[in-house]
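Sequence annotations record features per position, and here Swiss-Prot assigns active site, charge relay system to Ser55, His95, Asp136. Sequence annotations record features per position, and here Swiss-Prot assigns N-linked glycosylation site to Asn106. Annotated region 'C-terminal short (CTS) helix' per Swiss-Prot: 179-190, in sequence order, evidence recorded as similarity to another entry. Swiss-Prot lists 1-16 with the feature topological domain 'Cytoplasmic'. The annotation topological domain 'Lumenal' is assigned in Swiss-Prot to 42-193. Under the heading transmembrane segment, Swiss-Prot lists 17-41, citing sequence analysis as support.
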Amino acid sequence: MFSEELKAFRRLGIRHLLLQALNFASVIASGLMMWKGLGVITNTESPIVVVLSGSMEPAFYRGDLLFLTNPSGVRFHTGDITVYKVPNGDIPIVHRVLETHEIAPNATFVPHKYNRAYTPEDQLLLTKGDNNPIDDTGLYTQGMDWLERKHIVGKVRGFVPYVGYATIAMNDFPQLKYGLLGILGLMALIQRE
């Protein structure tokens with residue numbers, strides 16, 4: 001089945017193999033640069049995330065691909081769908097803002113006014129999954145009742161349904177991920193262009 005490919009692989013010189021490996025590395029590096037560039041444009045460490053659970057049904061289903069932004073200086077409102085990571089949490093969580101609260105440590109006086117102007121960083125959020133019966137305080141770190149702005153990864157701006165199932169499959173079955181990477185690497189090495 002792969003006899004022709006193996007013969008072609010043996011006929012290639014070391015110089016050609018190194019060139020193909022360099023081309024493969026440049027494709028990987030280009031992908032990483034695009035990911036980081038998208039992160040800079042959207043002001044978030046993860047501009048694209050996959051929904052991993054059914055906690056946001058019927059708004060989003062497991063496997064939906066979400067596009068995020070996190071503009072600084074913009075306040076969150078009740079009903080906004082956010083993605084957040086709690087301290088010592090590995091997986092970002094996609095849930096809706098249930099309630100907002102203001103704190104005043106960074107507040108400044110507005111001239112000729114008796115009230116304070118709050119910055120978006122002074123905002124605290126309480127979230128809940130649409131399909132969950134209670135709010136997320138049980139998911140937060142112990143002693144944490146509200147999310148701070150530093151915990152927010154981004155606000156959902158759009159989605160593509162079910163495209164993220166490929167990512168879920170590769171995480172659930174690591175052999176699939178390594179097999180696909182191996183096939184891609186082999187194809188890059190034996191490609192004759």
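Cβ atoms here come from the backbone N, Cα and C positions, even for glycine.
Annotated features, which come from Swiss-Prot, shown on the structure.
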residue: Ser55; record: active site, charge relay system; DSSP class: coil
residue: His95; record: active site, charge relay system; DSSP class: strand
residue: Asp136; record: active site, charge relay system; DSSP class: helix
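The separation of His95 (active site, charge relay system) from Asp136 (active site, charge relay system), Cα to Cα, is 9 Å.
Sequence-distant contacts of Ser55 (active site, charge relay system), defined as residues of its own chain at least six apart whose C-beta falls under 8 angstroms from its C-beta, comprise Ile93, Val94, His95, Gly129, Asp130, Asn131, Asn132. With a 10 A radius on its CB, Asp136 (active site, charge relay system) counts 22 other CB atoms from all the protein chains. Summarising the environment of His95 (active site, charge relay system), the number of other Cβ atoms within 10 Å of its Cβ, over all protein chains shown, is 23. Each residue of the region 'C-terminal short (CTS) helix' (179-190) gets a DSSP state, and the totals for helix, strand and coil are 12 helix, 0 strand, 0 coil.
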